[in-house]
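TrEMBL lists 1-19 with the feature signal peptide. Here TrEMBL flags 22-112, 121-231, 240-320, 647-742, 907-981, 1178-1269, 1364-1466, 1478-1516 as domain 'NUP210 Ig-like'. According to TrEMBL, the feature domain 'NUP210 C-terminal Ig-like' maps to 1585-1711. Feature annotation from TrEMBL assigns transmembrane segment to 1791-1815. Here TrEMBL flags 1833-1854 as region 'Disordered'.
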Amino acid sequence: MACKVFWVLFAMLALSATAASIKLNYPRVLLPIFSKVSVNFTLEVIEKGCFKWSSSRQDLILITPLYEDIESECSYRATVTVLTRERRHNAAIVLAEDVNTGESLRCDVILDVIDKLGVRTTTRQLFLEEAPETFELRAEDSQGNEFTTLEGIEFSWVISSLSSRSGSKNFAPALRFLTFSESPYHVVPPALEKFETQRMKGYMVLLEGINTGIAKVTISIPYPEYSHVPKMEVYINVLANIILEPSDVHMLPGDKIDFRILQLKMGKLQEISLNDQYFLEIENDNVASIRGNSLTALKFGTTTVVLRDRNAPIDEENSHLDSTIVKASTPSARVTIAEAVRLTITLLPHDNWITVEGEKHEIALDLYTRDDKKITLGSYFKMHTEFDEVLFYIINKNKNGSRTYGEAIRQGVSPVYGSFQGLTVQADLHIFSELLLSPSKVILPFDPNVSKTQKIQFHARGGDGSYTWHSQNQRTLHISQTGLATTVIRHSESKRSQADVLEEGSLLTAHASVRVALAKNPKITRQAEVYFVPPIKLEILNYNFETALKDYVRLQVAMYGFINQTLLPYTRCENIIFEYEFSNQIFQVDYNEQTTQMLNNACQVVHLRSTAIGLTNLRISYRFQDRLLKDEVTLSVFEPLVVINPSANEVVLPIGASRNIIYGNGPQKMFTLESELTKSVEYDKEIAKIVEMEYETQEPMHVFNVMCKKVGKTSFNFNIHNALASSIFQPYISNVVTTVHCVKPRFLNLYATEQLRTSCPMEIKKSLLHIKERDDKFEIEIEVQDSKNRKLMNITSLFIDWEFAAGDERYQNDAIMHYRRTEEDLFEGVRLPARDVLITTISNVAQNFRIKGVVTRYDATVLKKHNIYPEEPNFAVQNSKTGELHTPVIENEIRFMAVNSTLFPSDHVSIFMAKNHRERIPITQGSGFYDFELYDQNVVSVEYDAKERELIVTPLRVGHARLEVIDRCLMTEPAHLSISVVTIGSIRVVSPDRVERTKSIEAIVKLYDSNDNLLHIDPFNLHVYELTEEIFNSDILSVTLGDQLDLEKGEIKYIITGNNLGETKIVFTAGSDDLKVGSEPVNVQVFPPLRLYPRNSTLVVGSSVQIYYHGGPQPDVNIVYYVHDKKLISMESAIVTAHKLGATKITGKCVMTNPGNGKEVAISADTVEVHVVPFVNIQVKTPLVRIRSGAVMPAAVWGVPDLSPMVLGTLENMRVTWTTNQPDVVDIYNVFADSGVEYGAADLISVRVKALNPGKAKIQATVELSTGHKITNSVEVVVFKILELETPKHIKMDWILVAPRSTIQLKANSDDVLYKLDNDSTGIVKVSPDGVVRTQDTLGRDLIIAKTFEQTLPIGIEVKNIQYILASLAYPISRLKQSEGKIPRGMNFVLKISLHDNLGNEFSHNIEDVNGLKYDLSRKDMVDVQIGNNLTIAINLPRETNNMIAISLKDTTGVKHAEDYIKLSVAESKNTFPTKTIFSVGDIICFDSPLTLSSVWSSSDEQIITIDRFTGVARVLSNRLKLGEKIVVTNGDKASGSSIKYDVEVRDADVIQLLKSFDIFSGSSYRGHLVVRNHLQVDKFTNLHARNISKCSSVLERMSTVKLFTCRLTSKQSLGQQLLEHYVVTPIFEADTGRYACQIELSSNFNEVLSIVKTNDVHFDLEAQLPNGLSDVMSLKFVPGVRVTPAALEASELKEQDLTITGLDKVLQKVEVKASDAKYLQVTQQVKAHGSLQYKVKIQHELPTDEQLFIHVHSPTTLQDIEIPILGTNNLLQTCSTQPFSNSSSFFVKVISNIGLIVTALVVLGFTVWLYVFLSPQQNKTEINTDVFSTSMKNKSRNTSAPSTPASQGSPTSQIYPSLSPYYGQRTSPISPSSLSSGIDTQVYGDSILMSPQQRVNRRYL
């Protein structure tokens, strides 16, 4: 509560404060009175608002409010105009009342006469060439009060000169008037604008001085009534702005000086000479004398020199003037002659003898008097100075020597001496090095949103090294004494003066200066300017566009701003935070990285740390206010350059040997940037030779081959980077250094392999055991090391001698075959040294075998090949004792015994169980001494063939066995062999199911054993498996065994070859009898090769074409298209769109998944070409240029050279305009014009040209492209008449026109006609006696005679070639209701193809072979086209499209006639309904079509959708279709074939839903609305689908009984169950609301119902159920309604009337009664009794005639709203007066009106009595109003029907159509006879539908 009080007080204080602040601009106004002039003054409320203005004396003043605009009624300004002409003191009050608050503002307006004048000005002295001065007149009344305004009053201003000079002939005026518009310094005041244009003067003028002197300005009032007011005179002194120099001077006697006269002109001092106007005078000529401007000092003393102006004299005539005005400010100078007593020397201008190189100074010698006054020395005397001129260069020296001007040019110290007449002086000049400051200009960015400061380090050099630093703008820039500046820009600093305007009017945000000064001479300074300007441009100056992973890209970023209209870069901008946008987030901005050296013009270095590999586009941006500054670069990240091999990054080689070095990763060649991969190497070329090798590897690698040429060491430095052509490119060089050691060999090592067991039966147990190969070869590994025991990586340049011995026996070298092999590893195709081995052959096992190797020399062949010279001697080492060089012994020896090891090929073997089958398992390795142990010996038997070294396994039965083998010599673990004996358990075939004809595919047959494991297949003994294959149709394909290579375990390869087109199956079997196993049948289709069309397409940029195909597998072919150059064209859904000029290809592949490996393979492919050419010109093509009148031919636009309309018709936004210069000769129209489709310019790629009258016409087509470019072309057509005979008889030759190779049947009107050729026939045609005419290839005319017994008839036949074909709409043509610019979607057309000759004549008979009729579409899947008989084409347009169709015809020889092109531009029509196509059972659809009403409707299945053939109203009856199947509803004319189709999908009705779950039931009747739908239609609320319900209502009202659902009324209460027999429930359909409903009707008298219910609560359940058992239930509460009597109130009867409401007490408790307008009606409750309420209605004022009043009774319990109208005689007479006689005379109208009134009253009275007697019910004992539940249909009028509430309607949608539902009641006019009743027992029941006020208003006009 306290809070509320606080807020109330706060609001009151705020309102009072607001009210107090409102005031007028003047609280009191004094205005002058004139006889003919009305003075105006504007009053204004300062705070504005909405005010009404008034005046207390409208006879004195006039108040005129000033509005903001015409429509506004608010004003805060008003003009006060003086009206009175009475010349006396008067006063009036002006009030301004605030319309909102009622507060008034007051202004006192006083009117009086002017008594005297005055002038208001700032000065009365004017200077020449200065701005004009404003002189403002003021006026006062007799009391001295100043008038508020003098606006609108003319005054007289006169300028005159003083009388003494006014008569002079050469005298010029000193002043002139200047208008405000002429002054560049002033603006015309609004009050003087009118005076300015009329060259009049008002209360204010401008005066400008034009000559020196004194002028008089006289002001008077030029009105007779003010002639007595004294004139105002003002004297103005105009002076020249002159200075006399020197103004105060001390001199020596005898000296001379010259005075200078300086005048300020145009803002500058200019020296003037003495002339006729100016002269100098001296007051005391004894002290000094003057001549001209030269003064000579005579003796000691003081005097004054005065400058005189002859234009400003002082004489007796002007003595009466004010002395301050007359006395001019005369320039003067004081002169003193004195003695010099002191001499001084000074270094100007700083008065400091410390200076630096480059500074210019003046050495000044000055004399002073005894009173320390400086003496000005003239030219009469001389002074002397002396100094070192090597240090200080003299530039200038004055005549008397007192001033020496020069420049310090060298460091050093020089004494300076000065003297004058015995006076001397000395000083020391110190010169230091030049003072320099850098940087001298700093430009920094300004952004008030950036809080980070910017630091700038300034550097000073020169001077004595000690400096002081200062900032000229501490609010902007702070600087330390070390020169470190810190910005402190604040937002307030952005307020600058207009002088700092930069480009585009933007303001220089801030400016500061940094000044450095010498500590010993602070006046020697250097200054740096610091500008803070807004950024204009952002640019990346330099960057390395690539970097290694986890390394940096460094962007040198520059920002620019305008300084003096010049774009300059910022000096620093580290405080700016940029925005970074990466297309691929592979970088992170590192703010902590130390900044690298910035380039010139760069202001910030951005460090981007790479985090991932890839390519990205970076946009760096910065937003300042509404401007976005940005720059973009492309960046790349690669893996760092590393050494892959050798991993130690070290190469050790002897001379002459080489090896490869592999570097991985690093920068790679880029294909998306214009970059060049640059490599460089550095090494000692004397020691090694390094060459880069080229390899094509999958991984990025760089391979170099290193060869040693000389013993030594070198570092191989490899650099690589990408280089850009851009000037801002900074290379990122990846570097790696590899050490290369070129060494001498020093040691040799030899290695063998195995060792023996101690239990080995071999004799030599301690010797090495070597594993023998299959060819008895074995290996010894060789290793050579240098003196540091580093292994040499390649020893091919070393020669090694070998010795072989067995025991003590020595073998010759050539006795045992041996050779040395260098093994290499391959890394991504690069050869790398692996090892060096010695390979030798020992046929038998040798004991104590010994091999010795000695490295003796270099291989001379190898070295010579590479031109390498070894050291001498080879491998030389120095003897430590003698110091001599010698070749060391490099040798080694190995002893061993050669044996085999024991290992099986695998640890498991499956043996196929077959007759006489044995498995031989080789033991290829081992010592040959084995122990065997077999488990499960009943499964297999095992034998060992020592000679063949094979294990022989014989299968005994199916099962598993385990064999263990132990080698008695080798140090190996026991080998285990798992043996399975199996049979074939299953066969599975993995094969593609499609093969192209003449091509082959591979089928893999997999054999599984009885354990469901893949069987080991012996490819050389396939007969063991008894394999066979069965082909169901061997003509289609053939199957053969393939090569059994590269197969997996258990696989057998077959080759399937397609022979003929078709489909068959293959079954593969194995085994026989009971063991026979077969595969599942494999279905294989042999399909024709894939063929793409069109084969060669030519497009222009923006056009499109559809690629289609023939052949390939069917039906589910999967075509994948590949565009070779995606820059030229793009492809989407087989539609190719051209983007760029050029040529490319498109490859289409039939792709399927290979079941063998799961990879996609192409089983058929084809390639077509696409050319994109420029669109530069067009050509209008017509088949004829001479055509007979009446003929029609096509015309189309082609592109040059050969771009067909099929291409141009697909261009978007291309417009074609057709014109002709002779519209009376030819007519141009489109092919669909007759149907009502009028194509726009965007679709007129082809047209029809009809020849009208003979003449020559030019047909012109203008193509406007999307770019606005226009191309025009035309063709001339000559129209001629067919030759006819006119007199004496009109004869027209009519030949039968027939094409070659055609057959026609002649038929006459008589049956006995014989046909034959004329005797002179040329044999062009042949005719049979029965009239069959056949034409040949010959062209020409022939004559056939048709002959009967008495008559003959000549028949002319002309055989001509077909010149062109023409497609036109087949007749009769169905027309659209209204013209449309596109073909409506869903339309069907039938085109008739006619044939024409070279004159345009149509052939009499079409060709019989319709196979030659072809069509082509630019987009195949958008249009359905069917070729019919007799050369007709049916076109179905189910979807929106922008398509072209080309129709062509070929004759039997293949000759193609001219094509006809038609544009198919299809769009959705606004006249098509419905647009959705999914409906459910029970829906009612009102179809609408763009076709005319003459078209009929039909359904493809009347059992599912039945439709009225004339109205288009359809019902969905059932659904027997699968999901996705559709019913076709057609509207059109079957005769013409033109129609529009609707594809309708019908779904089951599986949901029935009542729109309410609970409602009130008044007991009479009720309708529960519901909707029937499919469970997917969640947003469906009605079953009627119509654009306009009223259109369908008449048809829907005739609907038969609803059988879609059933309705049932139940109750769980016993009382409710008793009531059920009194009600009938039926399913209905409301046509006017479009809803299904369950209708409850009372079948008995309601009194019986009430006798059962009484006052109890009764509840019902209303259930609606579908035939499938699905249902929905709503609850109904039974509540009887209230009754109101009387039905209407008569206003003419009494002022007070009674109103009685009866009903249940619990209902009456909540009843509300209100008047529609409380101003006229008053309703008060009088009596409340059991079952009734009584109200008094009082009429307070006379009722209006233009408004219907009523009493509103609202019952919330029963949801009733009842309106009792108030009827009056005025209303009735007014209604009668609107009858047809209202235009007659007044007397006649009164008579007729009264007669009508009397008759009407009698009729109404009689009808009411009859109605009351007829309908009056029996009185019941209960007190409940029983009549309220009357069910008579006669009581359904507005005031007598039972209430029809929203509950009764059961649907919210019923309020949407209040005028359509009969259950709303047809309410008549309140004054109509049907609504009038007499007697208080008249029943009125409210209509509870209209609950809102808006609905009640509408109800009055129903």
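Note that Cβ sites are derived from N, Cα and C of the backbone, with glycine treated the same way.
The stretch in 121-231, 647-742, 1364-1466 that contributes the largest number of Cβ pairs under 8 Å to the domain 'NUP210 Ig-like' (1178-1269) is 1364-1466. For the domain 'NUP210 Ig-like' (907-981), the DSSP-based tally of helix, strand and coil residues reads 0 helix, 45 strand, 30 coil. Per DSSP, the domain 'NUP210 Ig-like' (240-320) is made up of 3 helix, 44 strand, 34 coil. Broken down by DSSP into helix, strand and coil, the domain 'NUP210 Ig-like' (1478-1516) contains 0 helix, 19 strand, 20 coil. Sorting each residue of the domain 'NUP210 Ig-like' (121-231) by its DSSP state yields 15 helix, 36 strand, 60 coil. Note: the domain 'NUP210 C-terminal Ig-like' (1585-1711) comprises 29 helix, 50 strand, 48 coil (DSSP; helix = H, G, I, strand = E, B). Note on the domain 'NUP210 Ig-like' (1178-1269): DSSP counts are 10 helix, 43 strand, 39 coil.
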